[in-house]
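> From TrEMBL, for reference:
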- 12-32: transmembrane segment (TRANSMEM)
- 44-65: transmembrane segment (TRANSMEM)
- 72-92: transmembrane segment (TRANSMEM)
- 98-118: transmembrane segment (TRANSMEM)
- 127-150: transmembrane segment (TRANSMEM)
- 162-181: transmembrane segment (TRANSMEM)
- 211-235: transmembrane segment (TRANSMEM)
- 247-273: transmembrane segment (TRANSMEM)
- 285-302: transmembrane segment (TRANSMEM)
Amino acid sequence: MRPMQEKKRGALAGRWSFWAWIGVGLALYAIIGLLIDNGIIDSYMALIVYQMCLNVVLAVSLNLINGFTGQFSIGHAGFAAVGAYVSAVLTAKMQLPFFPALIIAALAAAVAGLLIGIPTLRLKGDYLAITTLGFGQIIQVILINLQYVGGAAGMTVHKETNFTWLYFAALITVVVIANFVHSRHGRACIAVRENEVAAEMMGINVTYYKVLAFSIGALFAGVAGALSAHTFYFIKPTSYGFLQSFNILVIVVLGGLGSITGSILGAVVLTLITAFLQDYPQWQMVIYSLILVLIMIFRPQGLMGTKEFRLSAIGLGRRRDEHAAP
């Protein structure tokens, strides 16, 4: 009976840890919201917090593809562009309320991911990197030449979001992807990452799980794009170019491929660095490249590697009776 008791205790501890994390997330929302409402966090700092939330959505969703499934996508901003422009057209041109526009935009990005993933992810090697890079460039060229959405000059969008929208989008993204990773589907994706041949021999449909992870990642990138458009109320094609995709990739590598808490930490750190470099745009790419080089030399696994930060490390998220005798 002891193995059964250990298994049951482990499941209870896992649920307890999950709800402890939810509690921490809600407490953090209340604290930051209070600081913003009372002006302690000024409007400029609030914009930085908003960007952090968006970067968390983008980084965690890309980590599902690159970190947990072992693929290599470098065109994540292209899916954010799909979400941004679809939602902008629906709200600004067709007068659709924001929430249904957000859902449609996310689904449009997921469909784009599906259309790219199905033919590309059947192949082995770096074809996905080449395809996603090309996809990002094609989307940018189309948007620049499409006058219906303002062309190169961009498009003004109504502001529809606030801190609550952005924070809960980040929280939901983290919860959904964390649950996916710890499900049997997530374990199949990790098996694909570790060894595709071995995973296939175990009966795992490798292509299916690669496409599934890629489409989910694209969906959340579309959510981030739609929220970004209606937070900063102006979009232009150059905002979703290769540099933005590179920024997201740097966040994931900085935090650790295969670590959700690493992506959150990386998003916070790199957003602060970007804010600091706001007045020195010519140095931005240099600094990002330098960060990548230093990470590859001194900490190739990233800040967290494949590990997750646990609340029990600081005495939280652990029941008092967790170590009680059976």
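Heads up, the Cβ atoms here are built off N, Cα and C, so glycines get one too.
Values in this document were obtained by computation on a predicted structure and should not be read as measured data.
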> Sort out for me which stretch, of 72-92, 98-118, 211-235, 247-273, has the most Cβ pairs below 8 angstroms to the transmembrane segment (285-302).
247-273
> Which of 72-92, 98-118, 247-273 shares the most C-beta pairs under 8 angstroms with the transmembrane segment (44-65)?
247-273
